[in-house]
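Notes for the one structure printed next.
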Amino acid sequence: MGPRKKSVKTCIMNNEIPEEMTADETKDYMNQLSHEVLCHIFRYLPLQDIMCMECLSRKLKEAVTLYLRVVRVVDLCAGRWWEYMPSGFTDASFLTLLKKMPDVEQLYGLHPRYLERRRVRGHEAFSIPGVLEALQACPNLVGVETSHLELVESIWTYMPHVHILGKFRNRNGAFPIPPENKLKIPIGAKIQTLHLVGVNVPEIPCIPMLRHLYMKWVRLTKPQPFKDFLCISLRTFVMRNCAGPTNSLKYVPLVTGLASARNLEHLEMVRVPFLGGLIQHVVEDSWRSGGFRNLHTIVLGACKNALEVDLGYLIITAARRLHEVRIQPSLTKDGVFSALKMAELEFPQFETLHLGYVDEFLLQSRMANADLVKYGLADVVENPGIITDIGMKAVNEVFSCIKYLAIYNCPHLHNPYNWISDHSRWTRLVDINLVRCHALKLDSFGQFIELLPSLEFISLDQMFREPPKGCARVGLSAGTGIGVSSALVSNQNSNNDDNNAQNNNANIHDNNHHHPDDSDEENDFRQDLQPGEQQFAADALNEMEDIVQEDGEVVAESGNNTPAHSQAIIPVDVDEEQAGPSGLQRVVKPTSITVHDSESDDEEDSLELQEVWIPKNGTRRYSEREEKTGESVQSRELSVSGKGKTPLRKRYNSHQMGQSKQFPLEESSCEKGCQVTSEQIKADMKAARDIPEKKKNKDVYPSCSSTTASTVGNSSSHNTASQSPDFVRTVNSGGSSEPSPTEVDVSRQCACSPGGSEDSEAMEEGDAESSVCPRCCCHRPQESQRRTSRCSDEERPSTSRACVVNGPDGTRSAFSFRTLPQGGSSGPAHDERTNGSGSGATGEDRRGSSQPESCDVQSNEDYPRRPLTRARSRLSHVLLVSESEVAKTKPRHAMKRKRTADKSTSTSDPVIEDDHVQVLVLKSKNLVGVTMTNCGITDLVLKDCPKMMFIHATRCRVLKHLKVENAPIVNRFDYAQCKKLNMDQVLDQILRMPPERNRIIYLRPMQQVDTLTLEQKLFSGPYPYHICIIHEFSNPPNVRNKVRIRSWMDTIANINQELIKYEFFPEATRSEEDLKKYPKYPWGREIYTLEGVVDGAPYSMISDFPWLRSLRAAEPNSFARYDFEDDEESTIYAPRRKGQLSADICMETIGEEISEMRQMKKGVFQRVVAIFIHYCDVNGEPVEDDYI
């Protein structure tokens, strides 16, 4: 206090300061308050702030001393129980503090960050003995709240009368269980809530006061840890993944002790190997006295020996108050619900059912079962649930009031539509969550959703996976139950349950289980709520137990009688898992062949193409849409040139003298790009037989050797040797008789065929006069002599290059096949592969003068076009090479290309196949939102969803399109890491919706985005909204701008609505006349750009939102709130910092601008749309993000 008094005297003596200011500064209002008022104020302040006031003045020091003398409840963490107490305490200072509080009874927040185990002489520290000494200095102390294991054990030992307040939860839990985390619980410990995570505990004794016991990753070290277990006041018992005794008999005292807790409400046992049938017998003995009668939550997960009767007895006993049941996969069976159905019970409060429940730790942990057993956990081998559609029908007949349904990995569920019956209407179901039920049929699911009257939320995870590529081509169904493969992959062989169980435990679930026996449905099982009649239920459950045992025998017998063909299928090398309609499936690869992903190889080829053929001033053209399979063009005689069953292939160098006349070509539409006909297979066999005969009449260079090329898998008629649609042809079109020695391997053959083998053979076989290659569309001269190619199989010219042709003038010209959008079509356009010439209709599709013209190749006719599938959308950025540019480049040999095969095909075919179209049609009058994660759906259709509000799609690889027929109020769209999403189509669908709501669209694309084209389409389109496009470049992702935009986009719309409705402000329109009136930038809008940096990452916003710039630049008003963390430096616009809390307040701020726009007669839209694009995934690699 000395320095303060000294400074005051100095100020008084200073003649430059006015006297009235000195008087105001010296006046101390706090000292005018009484001690009683100050003590009353201290009740609302944290203890740390109270202690700081002690040094401000003498009166405040007296008030603090008086307050501490009478205080009875002290919180060292100011109510924040999750934080640590203030640092800086030592044993002496903590003792001094508590001595000032002689009447303290309850001490909360004793959470020291670190405590020494013992004192060290001469060293000031904060230690356990020092804390105990300070606590013992408080004579009236009743309870202490702490989270320190050693401290609470010391309190129990030296101060047993002190209660442990609140919830004891240790903060250093981990798995594997740290050996230093130890706690010995004494008998009769005074504690009500005990949460232990990652602790070594000898035993759980008798604790009469204990109400809530939560044990996770707890190692019970004594051989009989539950010998004295008795907690009669227990309400919650949770035991998850604990390392206890392996002998099931040692859990008998645990279950009997739980039965003695008459008020037990929550029972959760995960990986507890109690004795099978134990719960049944304990319930039989205790239900009359109230054992397990008050349960409202039952959770059984990975309990090795649990039987259906154990679960059934618990459910029946607790029927009156039961709210939630989570059932482990081994108990997820039809028989359980058939027996409960026959009990004829009512569950008036039941709401939540989780089938196939697997604990999160087992799902997220990468440890195998052997690793968990090594750390002391029970040895559990978990199989997927085997409940069928019959059991699901019984579910709702038993639990008629169910609201929340979650199903995990039940591979025997097929038709949800069959879950509905006269007695099973699912009338109260609000939320359905399906995970990895891979056999569920999409159309049946859509019909099921339509019949649910109260459904509001749908969550789909790893559902409706796309079938592997190539299955439709060879007639396989890949687990869908349709076609030839159903006999090979159906659920008939259960002789490898061990493998299935291990994979299921490691979050890799297979579909190798036997269907349950239907005899469970015939149990005559009746149950009433009267105590005297419940013996009938016990007898019925005994019968159910016998039937279940018989079922087990049947399954075992079927496993031993597995057909021989199923056992003969032995994988050579399990490489990795691929997601198909049957969940995650193993892909079997022969060890002698390296199989590469077709898409990745095509990307490599396109990169190689750019390195070889891109000139310095080469331009690039972007295709607008690549959606549907184009038309496949084949010649009439060459329709069987494709190969279906891997014929023998020999490579020749086709060369012919003179020129030949052209043969007309016809186009045939190809619905599926990989279908094989019997005619093609016969042609393959015939071509293979004819090759050796024709070889006899050919002149071969002496130095050349004829090699036979073996191919990987099968190829289709237009995909025989090419996967990329943008491919190189090197042809001698001049008609010279002899090739130059340096170009004999490259320029004398059509590169679309491997050495000119099959197509050359088929060409001469069909029509010797035709000189048009059926695939690359290059004219090749007919040859009287054929020479085998010098190049080996590995040196085969790549077929993914730009076409290079020797022109008549000797120069090397080039053309590349391009994807050209159909002009003027707003819907899905059919993309066509055409040549690069600037003549005909092809030239009309080119925009501007940025595209160089390519040369004509011997004639102006249209060349055959290969189909472009939606799966090829990543090859849309392809350059066009002009004649003059290629003339400057030096001739080079084609790059080496690896053999390609799509590793996601079941037959390892080197084919390009379109994604299997799967359309999810939603029609529900109460549906609010749908969330999809890792689903194989390609199209989402909102047919009739009047209450739908949001759509979330994350990591849906093949999701491409959205169609909105009737969903007027849907306003939030979230598409994150959807690899093949057609952004243009989705945005067009959303913006064409009637402007009844403001809408926000969040996109995280995984491909490059042409921002200029996107902005042009949105701002120039017929969309009656004010539009805002935000480009966010933070990596890792920052959600600050995304979250904050929702707080102010509605404010802009509210201002517009106020002006239009009450101020007679003109409303803007976006009709066809308006589009014709404003054909150029800014298309009748006031477009501006805002840029900035948030948390070190730049953002850019392009918008025509009115009023926003003025509101951002305005000064804060009297309503400004500074308790909000954001300002313009950390987000785009912070209205609360400005005090702009409502539309009325904002209109006062921008009144001048409103008058100007009224005079200019510029209208505004009532609704706004915000499009938020996050660019952290555009390189194709998904960024880890906790927010999705």
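Cβ atoms are placed via backbone N, Cα and C, with glycine included.
Note that the coordinates shown come from a computational prediction; the quantities given were computed from them, not determined experimentally.
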Swiss-Prot annotation, phosphoserine - which of Ser724, Ser740: Ser740
Candidate annotated as phosphoserine in Swiss-Prot, where the set is Ser494, Ser715, Ser736: Ser736
Per Swiss-Prot record, range annotated motif 'Nuclear export signal 1' [choices 74-81, 194-201, 1026-1033, 1058-1065]: 194-201
Remote residues contacting the motif 'Nuclear export signal 1' (194-201) - C-beta distance under 8 A, at least 6 residues beyond either end: 149, 167-170, 172-175, 177-179, 181-185, 207, 210, 212-221, 225
Structural state census, the region 'Interaction with KLF7' (59-119) (DSSP three-state): 21 helix, 9 strand, 31 coil
